[in-house]
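Engineer: Pasting the relevant annotations from Swiss-Prot:
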type	residues	note
TRANSMEM	8-28	transmembrane segment
TRANSMEM	41-61	transmembrane segment
TRANSMEM	72-92	transmembrane segment
TRANSMEM	110-130	transmembrane segment
TRANSMEM	146-166	transmembrane segment
C-alpha cells in the first residue's frame, strides 16, 4: 500500500480531530462506558470526503488516541469497530458516483448516507460487541445494549450534523466547479 503525502496528512488530521472529539469531556454519557461523541461526525465527514481507506484509518487511529488519552486503556475491539464504521461510510463516494464532488447532494444521497451510517455502526460496533463477549467475557446483554444505543445515537448524530456539512460541501463544490468551467 502506497499512500500519498496528502493522504497521510488527511489521516493524521482526521485521527487527531476524532481522538480529541472522542474524549469524555466532549461526549454525552448514555449508558455504562457508553457516550455519544462529536467525533462520529468527524469520522463520517472524513470518510465521505476521502473514501473507505481514510475512513477506516481515521476511525481506528482516532479511537486509539481517544482511549489512550481518556485513561481507561485501549479497547482494541472498539477501536476496530470505529475503523469499520469509517470504512463503510467511506463507500458513499463510489456508491453515489462521486456526485458530491460535482456539487450534487440530493435527498436520495442523504438517505444512502444515513443507511451507510446505520450499517457501519451496527456492523462495526456489532463486531466490537461480539468480540467483547468472546475475548473479555463481557456480559452479552451489556455489550448489545451498548451496541443498540450507540448505533441509534451515532446514526442520528451523524445524520443531523452530516446533512448540514454535506449540503455545504456540495454547495462549495458546485460554486468552485462553476468558476473553473467559465
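From the backbone N, Cα and C atoms, a Cβ is placed for every residue, glycine too.
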Engineer: Considering only the recorded stretches 8-28, 72-92, 110-130, state which has the highest number of Cβ pairs under 8 Å to the transmembrane segment (41-61).
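Structural biologist: When the Cβ pairs under 8 Å are tallied, 72-92 comes out ahead.
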Engineer: Let me spell it out: take the transmembrane segment (110-130), skip the flanking residues so only those 6+ beyond its ends count, and list any with a Cβ under 8 Å from a Cβ in it.
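Structural biologist: Distant Cβ neighbours of the transmembrane segment (110-130) are 44, 48, 59, 75, 77-78, 80-89, 91-92, 95-96, 143-144, 146-147, 150-151, 154-155, 158-159, 162-163, 166.
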